[in-house]
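Below is one structure; the comments refer to it alone.
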Amino acid sequence: MRLVQACGASAVLSIGAGTIGDIFHSFERGQAYGIFYLGPLVGSVIGPLIGGYITDYLGWRWILWILAVTEGLILILIFFALPETFAPPTNLPNPNNTTLNSRHRKRFDPTSPLRLLKYPNMLLVIVYISITYAIIYIQNTLAELSFTDIYHVSASTVGLIFLAQGTGYMIGSVIGGKWSDYVLMKAKKRNNGVGYPEMRLHSVWIGCFFISVSYICYGWFLEARLHIALPIIAMFTGAFSFVAVLNSVSTYLVDAFPGRSASAVAINNLTRSSAAALFTFISVPFEEAVGIGLIYTIMICVSFIGVVCLFVVSYKGKYWREKINSRIDE
């Protein structure tokens, strides 16, 4: 049942990205995506905290009852109040014309997003996203063990510590979205008013730097058993930087694959979730093998591969995209 629930939840991320691509101009999408991502990012942080209190006072079954009721009400609201945002092209062929070549007729193909992986500007971007997601989920998995073992805090206190991460997500999502749009507009202005999606990627370099610094510091602050405030601050700065970068690269995928934005974000979600699942599974034996400080240092060193991938896309992506756009349409 948890698997079925996750399949339903995944639709929100893909369709939400497609909706943003439908109703916002490219220079507005960074801010719109930042607001949109507040839900899945902040919810995953405050959810366990709320669930803990519900379990303490009402019992764990009430978590499921409350979710069922609230999601049922939201489903009714969506069904009656959320309009279709996809605008079909105005030059559609006559539906009564039966002589059209069948290969031009659109058919539902659930595997079509996977074919986007053959395009380098898609593949290289999700390499970085997947690596950084792995780092985040290593932290999420090990944080309770680390803080309870080193600082001897209770499980409920660890839940409060995660609010630092959630606050970083909230502030970084909004500010990162505005920064992404600002960098795109400035680059477009310098290019005589001509813009293209890869310009947005130049907004990620500051965030990539602070992601590296934050998580290396976080690991070694815990390793050295320094004051508890220091790793909490590193959690905040890491979360802030992560979501600012995630906003830019996710919005880039929406911009770079017009008409396929939901598929682009869907394959992005597939790869990063797979990386998160894998490293959640191996995080504890990984830490036991190398130590809490070294695990984050190793992962940040691996993430440099992803940074190089983003750098290559920022300079070669326009050429690749123009070369393959006709094939995407086919």
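Glycine residues also receive a Cβ, built from the backbone N, Cα and C atoms like all the rest.
TrEMBL annotations: computationally assigned, not manually curated.
Quick look at what TrEMBL lists:
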DOMAIN    1-318  domain 'Major facilitator superfamily (MFS) profile'
TRANSMEM  34-55  transmembrane segment
TRANSMEM  62-82  transmembrane segment
TRANSMEM  119-138  transmembrane segment
TRANSMEM  150-175  transmembrane segment
TRANSMEM  202-221  transmembrane segment
TRANSMEM  228-249  transmembrane segment
TRANSMEM  289-313  transmembrane segment
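A Cβ distance under 8 Å defines the sequence-distant neighbours of the transmembrane segment (202-221), meaning residues of its chain 6+ beyond its ends; these are 30, 132, 135, 139, 176, 179-180, 182-184, 187, 230-231, 234-235, 237-238, 240-242, 244-245, 248-249, 292-297, 299-300, 303-304, 307, 310, 314.
Two recorded stretches are said to be in contact when at least 3 C-beta pairs lie under 8 angstroms, sequence spacing 6 or more; the transmembrane segment (150-175) and the transmembrane segment (34-55) meet this definition. Of the recorded ranges 34-55, 62-82, 119-138, 228-249, the transmembrane segment (289-313) has the largest number of C-beta contacts under 8 angstroms with 119-138. Remote same-chain partners of the transmembrane segment (228-249), defined as residues 6 or more beyond its termini with a Cβ less than 8 Å from a stretch Cβ, comprise 30, 33-34, 37, 41, 125, 128-129, 132, 136, 139, 143, 146-147, 151, 153, 161-162, 164-169, 171-173, 175-177, 179-180, 200-201, 203-204, 206-211, 213-215, 217-218, 221-222, 310.
As a whole-number mean, the pLDDT of the domain 'Major facilitator superfamily (MFS) profile' (1-318) in this prediction is 84.
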